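Chemist: Right, I'll just put the structure down here and ask away after.
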Amino acid sequence: MSGVSEPLSRVKVGTLRPPEGPPEPMVVVPVDVEKEDVRILKVCFYSNSFNPGKNFKLVKCTVQTEIQEIITSILLSGRIGPNIQLAECYGLRLKHMKSDEIHWLHPQMTVGEVQDKYECLHVEAEWRYDLQIRYLPEDFMESLKEDRTTLLYFYQQLRNDYMQRYASKVSEGMALQLGCLELRRFFKDMPHNALDKKSNFELLEKEVGLDLFFPKQMQENLKPKQFRKMIQQTFQQYASLREEECVMKFFNTLAGFANIDQETYRCELIQGWNITVDLVIGPKGIRQLTSQDTKPTCLAEFKQIRSIRCLPLEETQAVLQLGIEGAPQSLSIKTSSLAEAENMADLIDGYCRLQGEHKGSLIIHAKKDGEKRNSLPQIPTLNLESRRSHLSESCSIESDIYAEIPDETLRRPGGPQYGVAREDVVLNRILGEGFFGEVYEGVYTNHKGEKINVAVKTCKKDCTLDNKEKFMSEAVIMKNLDHPHIVKLIGIIEEEPTWIVMELYPYGELGHYLERNKNSLKVPTLVLYALQICKAMAYLESINCVHRDIAVRNILVASPECVKLGDFGLSRYIEDEDYYKASVTRLPIKWMSPESINFRRFTTASDVWMFAVCMWEILSFGKQPFFWLENKDVIGVLEKGDRLPKPELCPPVLYTLMTRCWDYDPSDRPRFTELVCSLSDIYQMERDIAIEQERNARYRPPKILEPTAFQEPPPKPSRPKYKHPPQTNLLAPKLQFQVPEGLCASSPTLTSPMEYPSPVNSLHTPPLHRHNVFKRHSMREEDFIRPSSREEAQQLWEAEKIKMRQVLDRQQKQMVEDSQWLRREERCLDPMVYMNDKSPLTPEKEAGYTEFTGPPQKPPRLGAQSIQPTANLDRTDDLVYHNVMTLVEAVLELKNKLSQLPPEEYVVVVKNVGLNLRKLIGSVDDLLPSLPASSRTEIEGTQKLLNKDLAELINKMRLAQQNAVTSLSEDCKRQMLTASHTLAVDAKNLLDAVDQAKVVANLAHPPAE
């Protein structure tokens, strides 16, 4: 998007330390050239990348190398784009960074001439080489459409000039239009309404920066809210434009303010007398402009020019003489300096080569008395493809020049050496074809003579040097990785053809493995795979490495119990935009996070999103995410709040964890270190469940034939549910775990009736430890008595029948006690209900209730929050009690209305709860000074807990609103109800704490008779 800001200097071979990888020596260096004559030029160009290391190229050359060869080497490298057809439009500019002195370098100049003529004028480090588009075709708008790379490069060049020279001078309206056009072009995958989201706009401001699109002066003059609204409105106008349309719209808009296709020089025409004019040179020819109000007058067309000569005058001035066909004398132009005359001469000569029939240079050396420069060795006229082939062959022959600048990242002293000999690797069958070449199965013989099965990645012979660097980038990253769940690098063969040798895993890709074995793979194994990949990602997170392509296609199966993460080709070196352009099959849109699609931002948080999608793939046995959508529709679905549905076999707690990873705000997603802990817990739980199910299936009690008189089964006892773990778990706050039936109390040996606490004393039962929940009293085979005769079987059945009757009697007795306790609670909480009850339960009916007439009433769950009876006190003028009851009523209103209200009205019922909570806390604060100091700590702690409960309720409300139209809507509503219930229970606890303090302070009174 912009060029490199630092000076681009020419450095000697022995002093260069490239920031990223070795230089790309596209220019052929003869073997017999002395080392002192070899140069490395650092040439800057424009790019979309934010990485400064992507915006320049190091070119190795000699003092005899021509400028045209340097330009060609950059164009052939593919660094600025593929398939360049208008190569003659490019030129090389030498700029002095401190004085803005500019010299356009003629293609036939040599590096030695540039050094002797220009670089000696200033310090070497103050010069910079820039690749520029200087010569445009006549109808450049249409011509550039056929060469997309040149079109985008010219756009980047104009954008850079606009931001540096014109942005502060144009009107606010034009600056807003041009900035939004660049926004639309740069973030081409962003939906039209993306900037309407506050989080998206904040991400644009903080992570990308508005300075890249809009002038600072404009941002300072406008208020932030006003500026944001203007951007959103203007962006909507260009939301439907494609990239090329944005570029053309930018050209047309900027052309109304500045001349984008021509250069203007202030000079004098020598025609008997001197006339000061503005000389305009562009695709339409050489024209003069005497005033701003008049139209330019054509002086000459490029087809008419036959010679160009520069002559120095006194006092640093110079004369440019143009020989024009049919004219009696040459056109003489007087300039203020020789450098300006030479720049004009290069511009005119370039247009003559582009538009004229003569492809050589028309510039005549003053020192050679009319000898034209085209008598020098001609510029190679081969097309780019022939030139590409010629240079590739030359570079492969002289491959020893790579050794002159070692890559420090590939050779670290003391580290393992990854170079292997080609004769030690034997290739067998082809496993598949990658982006850069084929992948083979092979055998590697190490230095100990051991034979190791390996996979060998190869690079195509016709691959450009730039693509070879990208191919090698995977090995550069992998050689520094050491983790049991990351693919291991065996070695690298850097000589042509380049090979990367890695461990071979016989089970292949995880996606194919899941499809083949989906009938035999169990849930614990699938969770184990996810846990292992999560550990690998936590390792990458610790070394600040972003993978950017986490999917089952890039995971290999080492054994049925071990998987390994691979394919690090995109981890750091390949630019974001290149990955979008690779091919349809490699587009990762359906795995990407919203900020990666919208803004091309790849961070650890975006890797967390992709990892959750990968978990979804694993639990779906290799299905592609969003297979029912096209790539272009995915971001719209994500923006609406929709997420991937829960796979059929996915545990609910694991799916809840996935949804946390798919939070729209990257900062709210968990880190990989946290995910490892959560997945470890889930894996442990799923494994214990599987073990219990397998044990129950293996050891079943013997079937005993019962007599015909006892065919009717006894009533099924009630089943206490699994107690929730502490809410400090990361998986999902206040998540209602769904425990399989095998772990519930339906098995008689899980929790004996004697051990089951009644609702009255359950409050004093110590909490169950998380792992103790799964410790069942499993029945072993020797626990069963095998009857030896029919009579003995009948006796066993009678004993079992008596035991079952005792259990039922005990449970029915507990139900009577529960019913009495429940009525006492109702009387205390709402006296009106008890007064309106016209049919109280009589003792006679209670006695008759022991006869089983229907299914027993289930006692409260073990995990439920039981509420103790309210103290029997005089509630006259008790504001705390009154406010607690009002708050509970507000919570009940929320519970009853939530399913009927539209999402935008959730805030009304939640606000009602908040107002009542404020009244409650206010009444407690008024009473607090009269209570003992020893009781205040507990009361104040409960008040803080209530405030936290309200904040949690608000968060759940917002979550429910965001997911109102998604498949997560009902789950979010349940979480909202859970949060409101917790708030009501804590309010009751606050009332109990206040009552206890009032009793201690003798402020409580019994109720009046």
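Using the three backbone atoms N, Cα and C, a Cβ is placed for every residue, glycine included.
According to Swiss-Prot, the protein carries these features:
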ACT_SITE  Asp549  active site, proton acceptor
BINDING   431-439, Lys457, 503-509  ATP binding site
DOMAIN    425-683  domain 'Protein kinase'
MOD_RES   Ser361  phosphoserine
MOD_RES   Ser375  phosphoserine
MOD_RES   Ser399  phosphoserine
MOD_RES   Tyr402  phosphotyrosine
MOD_RES   Tyr579  phosphotyrosine
MOD_RES   Tyr580  phosphotyrosine
MOD_RES   Tyr722  phosphotyrosine
MOD_RES   Ser762  phosphoserine
MOD_RES   Thr765  phosphothreonine
MOD_RES   Thr842  phosphothreonine
MOD_RES   Ser866  phosphoserine
MOD_RES   Tyr881  phosphotyrosine
REGION    702-725  region 'Disordered'
REGION    801-1009  region 'Interaction with TGFB1I1'
REGION    868-1009  region 'Focal adhesion targeting (FAT)'
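What's the neighbourhood like for each of these?
Modeler: Around the Cβ of Asp549 (active site, proton acceptor), the number of neighbouring Cβ atoms within 10 Å comes to 24.
Look at Leu431 (ATP binding site): DSSP puts it in a strand.
A coil conformation is recorded for Ser361 (phosphoserine) in the three-state DSSP classification, outside any helix or strand.
Using a 10 Å radius centred on the Cβ of Tyr881 (phosphotyrosine) and all shown protein chains, the other Cβ atoms total 20.
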Chemist: Out of Leu431, Gly434, Gly437, Asp549, the recorded positions in the record, which is closest to Ser361 (phosphoserine) when you go by Cα distance?
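Modeler: Smallest Cα separation from Ser361 (phosphoserine) among Leu431, Gly434, Gly437, Asp549: Gly437.
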Chemist: Can you tell me how the residues of the region 'Focal adhesion targeting (FAT)' (868-1009) break down into helix, strand and coil by DSSP?
Modeler: 109 helix, 0 strand, 33 coil
Chemist: List the Cα distance (Å, whole number) between Asp549 (active site, proton acceptor) and Lys457 (ATP binding site).
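Modeler: That separation, Cα to Cα, works out to 18 Å.
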Chemist: For Gly437 (ATP binding site) and Tyr881 (phosphotyrosine), what Cα-Cα distance in Å is obtained after rounding to a whole number?
Modeler: 77
Chemist: Quick one: among the binding-site residues Gly434, Gly437, Gly508, which has the most Cβ atoms sitting within 10 Å of its own Cβ?
Modeler: Gly437
